[in-house]
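Colleague: Handing you a structure now.
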Amino acid sequence: MTERRIIHIDMDYFFAQVEMRDNPKLKGKPVIVGGKAIHRGVVSTASYEARAYGVHSAMPMTQAHKLCPNGYYVTSRFDTYREVSGQIMKIFRSYTELVEPMSLDEAYLDITHLVRPDLPASTIANYIRRDIYEVTRLTASAGVSYNKFLAKLASGMNKPNGLTVIDYNNVHEILMQLDIGDFPGVGKASKKKMHQHHIYTGQDLYNKDEFELIRLFGKRGRGLYNKARGIDHNEVKASRVRKSVGTERTFSTDVNDDDVILRKIRELSGKTAERLNKIQKSGKTVTVKIKTYQYETISKQKSLRDPIRTETDIYNIAYTLYNDLKDPEIPIRLIGVTVGSLEQSDFKNLTIYDFI
């Protein structure tokens, strides 16, 4: 039986990082994102600089203002966060259809079928993090392990912008030294109850037998017993079947130079072709999307009689679509190429070079 390989990707202080990206003056500042009303609002995300003052998510804004009176308070822009999240989820699904989103900024990916002797899971995780940064200019942390529980635990161990692998050779040591409050799923109330029963670390939890944990914590006790041993049989539950594969890029400055834009379309066509090959799919529609300097999004699609998957075929159609869309007087800030109406293609063995 093939050993499972699960990645948990968690964006670093997601909402705050988006705000810093869109307003560079906020970089390095204590940024608190949340509700507009100071007296009723709640903190959605705090940058690491704000966390140094004790500010954290789900904290009332009134308390955040007391802890960090000179912080930079930004009203949440959920439409923007959803758009960026969509870009990130599209990247995940370009690697595997087994993606289980947990929120706008985190997901589990089962990449067992992609792992090869020359392509370890950690390398794939770094390629995903690279792609996220190229598309969104945001950093993500990743955890890699043989089950979901350990992958999630690992993703939080080397933040921000880090990668941690938990495997059979280090899992016991990591779990035994872990503060009980750092176990995924153990909140303040659970931590307090565990302290009442002298459970402060993973080692303390490990030393309790299963029947005692069930007596103390009910049905949840069995899960705690398993967590102390790094056991988790839960599968990654794919939320939907992928219908398209695409890639998009935001230019560092607004562009209306055809040569620059067409080079980028060629690059995106190649990336899209690579991802189609990785999942052994081809498609019968091609879409080009443009976002103008005024943040207006326009797109054009072409349906095909026969499915395609090569860089040349994708580029030739994308080139035509771009020429139909472009306005020489209007600079653009983003360009995207997507292939849809996917169907199974011929099998292609993967190597590390398919991901570079």
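Note that Cβ sites are derived from N, Cα and C of the backbone, with glycine treated the same way.
Not my notes, these are from Swiss-Prot:
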- E106: active site (ACT_SITE)
- D10, D105: Mg(2+) binding site (BINDING)
- 6-187: domain 'UmuC' (DOMAIN)
- F15: site 'Substrate discrimination' (SITE)
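Could you give the neighbours, burial and distances for every feature on this list?
Modeller: The local packing around E106 (active site), expressed as other Cβ atoms within 10 Å of its Cβ over all shown chains, amounts to 19.
Taking a C-beta cut-off of under 8 Å and a sequence gap of six or more, D105 (Mg(2+) binding site) has these contacts in its own chain: D10, M11, F14, F15, Y81, S85, I88.
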Colleague: Please compare the recorded positions D10, F15 by how many other CB atoms fall within 10 Å of each one's CB, and tell me which has the fewest.
Modeller: D10
Colleague: Calculate the per-residue pLDDT averaged over the domain 'UmuC' (6-187) and state the result as an integer.
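Modeller: The predicted confidence over the domain 'UmuC' (6-187), as a mean pLDDT, is 93.
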